[in-house]
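Colleague: Handing you a structure now.
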Amino acid sequence: MTTKDTWFTEHFQATGSAIGFRVTGKLDEVQSPFQKIEIYNSTDWGKLMVIDGALMLTSRDNFIYHEMISHPALFTHTAPKCVVIIGGGDCGTLREVLKHPDIEQVTQCDIDEQVTRMAEKHFPELCTSNNDPRATLLFSDGVAYMADCPTNSVDVIIVDSTDPIGPAKGLFNRTFYESCFRALKNDGLLIQQSESPLALLELIKEMRHEMSKAGFKAFKTLPFPQPCYPTGWWSVTLSSKQPNANFAFRQTDAQTKPFDTLYYNAHLHHGVLAPPPFIAHALGE
């Protein structure tokens, strides 16, 4: 990461590429017990949240990610009531989940309280549901939380984590997925951010392999644009306990949803279920 000549630049060694944003200065910085969190102001992308030198979100395009990690799973499940979010400290995913009026309970567990406090201060638009009576915000280890989660108690688990390094490394292995499998009801769904399908298909394949070893029977990786992330393309992976799951969604409910979105809609959901051939071939779909 550099800010030379008023640019924030992040280099991606794994993809041999970089991305930069013109900034006017650093607004805030905190070193938590887990990571360094920085906030920059940019000329064209609003504010930037950077964690340990990696860009987490911008004001301009975060809605794409937050909508795609939330609504596809919630409209695929037949009647979600209880949701767990692991990670998600910026609270944008929580906001999207609580747009669904039939959701009764959401527990968000992020290891680093400072991410949420920085989001409340600099991205208040993401935190509008933090005081919703249906929401419980916990600041502790998500791996430990899922290990202690009651059996057959959750409809949808959303793993909104950083990259599989540092504090998030434990969210990408069989042991964690076994905890998720046990906590989910029989018709429950797990959805997790799964990096760039353009550059990191091997990582996605390994994730799905670990999920399979934990007991999950069916998978669907959904790609979408995310301009501020490596390669400009990102994905989430949806997993089911049911072997014959085809991930059909409640299309009528998605079409008539009683809330606004900026990216997600029923037509887009239908299209994202048909991945590009190179993804389908690599993942055996």
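Including glycine, each Cβ sits where the backbone N, Cα and C put it.
As listed in Swiss-Prot for this protein:
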- 5-241: domain 'PABS' (DOMAIN)
- GLN35, ASP110, ASP141, GLY142, PRO167: S-methyl-5'-thioadenosine binding site (BINDING)
- HIS66, ASP90, ASP160, SER161, THR162, ASP163: spermidine binding site (BINDING)
- ASP160: active site, proton acceptor (ACT_SITE)
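Describe the structural context of these features.
Modeller: Non-local neighbourhood of GLY142 (S-methyl-5'-thioadenosine binding site): ILE86, GLY87, CYS109, ASP110, ILE111, VAL159, SER161, GLY170, LEU171, each in the same chain, at least six residues away, with C-beta under 8 Å from its C-beta.
Secondary structure at ASP160 (spermidine binding site), as computed by DSSP, is strand.
Counting every protein chain shown, 27 other Cβ atoms lie within 10 Å of the Cβ of ASP160 (spermidine binding site).
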